[in-house]
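First up is the structure itself, then whatever we jot down about it.
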Amino acid sequence: MKRIGVLTSGGDAPGMNAAIRAVVRSGIYHGLEVFGVYRGYSGLIQGEIKPLTLRFVGDIIHRGGTILHSARSEEFRTEVGREKAVQQLKKYQIDGLVVIGGDGTFQGASKLAKYNIPAIGVPGTIDNDINGTDYTIGFDTAINTVIDSVDKIRDSASSHERIFVVEVMGRDAGDIALWAGLAGGAESIIIPENPMKMDEVIARLQKSLESGKKHSIILVAEGVGSAVEIAKQLKQQGMDTRLTVLGHVQRGGSPTAFDRVLASRMGAKAVECLLKGESHRMIAIRHNEVISVDFAEAIKQKHQPIMSLFDLSKILSI
Ligand code: F6P
């Protein structure tokens, strides 16, 4: 193997740049040439490919977003699109690919097996919704962003003795709500994996009002449905309620030290795997060890959050 490519695809996540840096620098350290593919699979199809140097990836470890840009490509889902992408890889003599992204990114990469293009996935998504790895790059930064906002909201909730419903991202997964809810001391956490009934939310709020709590934070994962509806129902109960939808603020910002270290370890491991001749595997961290697992484990099995955190938050928020 002489030349590898690296791309970022799907929703951006803080720490993707640190992962790109690790792929480029460890690749060059091991004698490889590393090419950057811009705009994910769309850019691959269009041939937006340029060599990356040691200095080009300087000063990016602390930056959010991705210097390679990201996209979700419909064309790559088609055989015709993938064939165009393979032609580009051949044209640039790229012998292996590191793809940084979520499960959609890995599904795309797994289709390259048919064309004998070795591909290694690095999990980069704020959602932490990939099976087979304890953490994904960007999750730690995102939950820190959420609790920063929740702490601020709590100040206002406390001053006005109000209830705040805060909607967070996560697509179909509840990890962001769960972790940020526990860390931010939320009174209720509503996640798709264990959707709390409105009756229960209201009963918990009433109980805490009776016990002297004057304000409450309710964290809702977007995958549950409408936080607007939840806030509306609380208002209908006569509760002074406000709604905050955090949105894409959760995807930005400088990555935490945890995400930078995770991204560095995972990026370097991806290069190591390609050099060892591994293919169609995802880099994962389990019990603080960086390993590789089959793409199938990441793609075919559904991720489950640590539900004991949910039970604990219920105990600690009484
Ligand atoms: O996968 C990351 C994520 O931010 C999800 O949490 C969210 O549902 C989705 O991407 C939003 O995607 P987009 O930026 O394309 O609207």
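Using the three backbone atoms N, Cα and C, a Cβ is placed for every residue, glycine included.
Any TrEMBL annotation is an automated prediction that lacks curation.
Going through GLY11, GLY15, GLY27 against TrEMBL, the one listed in the ATP site together with ARG72, SER73, GLY102, ASP103, GLY104, THR105 turns out to be GLY11. Per TrEMBL, the ADP site holds ARG21, ALA22, VAL23, VAL24, ARG25, GLY185, ALA186, GLU187, LYS213, LYS214, HIS215; the candidate it also names there, chosen from ARG3, ARG39, ARG154, ARG242, is ARG154.
Across the domain 'Phosphofructokinase' (3-274), the prediction's mean pLDDT works out to 97. Note: the CA-CA distance between ASP127 (substrate binding site) and GLY11 (ATP binding site) rounds to 10 Å. Neighbours of ASP103 (ATP binding site) among the binding-site residues ARG21, THR125, ARG171, GLU187, defined as a Cα within 10 Å of its Cα, are THR125. A 10 Å cutoff on Cβ-Cβ distances gives GLY11 (ATP binding site) a total of 21 other Cβ atoms nearby, all chains included.
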